[in-house]
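Here is the structure we will look at.
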Ligand code: NFS
Ligand code: SF4
């Protein structure tokens, strides 16, 4: 049992699920055994109806598909399609936020006023938009228009890439991977992977980097920056995390998915007096809105909303028997939820026209009428409190406090207005380097174990950790986001954290907020007059599972940062592709991937890499 997770709340609810006869992701993983070896190696292709084809990895069966595609082509094509899907998910999220800003500026989304005018002006200025003497509405309208244009832009490259150091941009130009329109890269990737188009694995992978860069410096960056403008730029905030945040005597609501357009307004709608009165009338003492996964991170970063857990806890929240509604929009929502909810009284309410779930209640969310719809959804949850079956309720007591909210702006404020103190700490070696630790849970690996073990090793070695997504939630649950966690850090990092009263692991937000990490990396490189690839940085996704994570990994190495994957990607069926990603890429793009399932060994790789970069910069290893 303890093999499944290091999280006590998770283990308790896995046990309860067993008692309640509920099947979870772990059970379904067992039912899938043995998983397809061709799929694991990435050598199966279904891109046309002459197939499906598969390459024999042992060399005594076919070495090409019907069309003649070999393992290199098939593996690279599959990888490119995964990147395109991941980039599409992040970028479509970004487009949704941009459309909301556009509607807000046109006076068509009254529930979304602009919360951060200073950031609006700063981002508009970046886009070359005049801000002097103009109203917030006028600026927002022009900015939203310019941002929406980035998806299919004619101007040849994306705006936010200009944050990257000139050396990096010149390299992208030289390699022909400067991202053009965001949609264009995704569409071109689908075109290139159609039967009989791009068959050269190097060319396919370069397009993978370009598509991923259009995510990291495009769609994701848009999602982050425009969310800050609309919902407020995060500032350090405290809250509580893990399934123990659910309340026995309150209407419990889980917000799960990704887009803050939905989650942010629900947080405010839940303060409605009428709804609270209705809840009290039904015997509840209040309405307890909690987050899950990345939309949870969005509302945690901005409002300190309690966070019920990360990816592998979405089913378990329902298993507590204490959740009236799981309100979802898009991404990382298991299709199993309505089925599990059927064993309890929980209602799963889907809200996005893009994501319907058989067995769930669908209430289309409408940004033009957001508050009204939010209250309608909440009313369903409140009414459902009367259906709670007390005998099925068991909420684990496990909960942990966290400090989050480290936007770039908040980080700068903590440092006294400039990055100089951080750069000085890097130079002196009190902080040896910075690691971005991101990504999911994966039931193939013990939940949170790799995240936490890897991160602990890093901070011991004076490497500052910045985290997002489900990795950051793993840290929150384990107390790693508290300033006191600095006691586990090396002497140098400990002193820096104590001086600033910040944790050794800084929660920077949801997965689209990895764009914040890129922005900081670029700013440090620019301040030192070097490329991002010259800095003592590493990226890691210790427990990744999603296609979004594949896109993230690709844009992180595309941006010049060595990246360690803790779960094995399906590329091993092509020696050439695997060699390009884990070694050849270094000479081309200045960074490469490593795959290491053991988090202690992975940390050793990170420490060694950072020491090497420090020496190259003329700093003490
Ligand atoms: Ni990221 Fe967020 Fe979590 Fe993985 Fe899914 S919630 S966008 S993909 S599982 S970190
Ligand atoms: Fe087979 Fe080629 Fe068609 Fe893929 S594209 S299914 S390898 S024939």
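Any Cβ shown, glycine's included, is placed from N, Cα and C.
The structure displayed is predicted, hence computed values, not measured ones.
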Same-site [Ni-4Fe-4S] cluster binder from 67, 332, 343, given that TrEMBL records 258, 294, 440, 470, 511: 332
Those binding-site residues in 44, 45, 67, 258, 440 whose CB falls under 6 A of ligand 2, listed in sequence order: 45, 67
Count of other CB atoms lying within 10 Å of the CB belonging to residue 440 ([Ni-4Fe-4S] cluster binding site): 25
45, 48, 53, 67 excluded, remaining Cβ within 8 Å of their centroid ([4Fe-4S] cluster 2): 46, 47, 50, 51, 52, 65, 66, 69, 74, 195
Cβ neighbours of residue 53 ([4Fe-4S] cluster 2 binding site) where a neighbour is any other Cβ within 10 Å: 19
Assigned element (helix, strand, coil) containing residue 53 ([4Fe-4S] cluster 2 binding site), judged by DSSP: strand
Distance-selected binding-site residues near ligand 1 (C-beta under 6 Å), from 44, 53, 67, 332, 511: 332, 511
Pairwise Cα distance for residue 258 ([Ni-4Fe-4S] cluster binding site)/residue 53 ([4Fe-4S] cluster 2 binding site) [Å, integer]: 35
Remaining residues near the recorded [Ni-4Fe-4S] cluster site, that is with C-beta within 8 Å of the centroid of the site residues 258, 294, 332, 440, 470, 511: 293, 297, 311, 331, 469, 510, 546, 548
Helix, strand or coil at residue 44 ([4Fe-4S] cluster 1 binding site) [DSSP, three-state]: strand
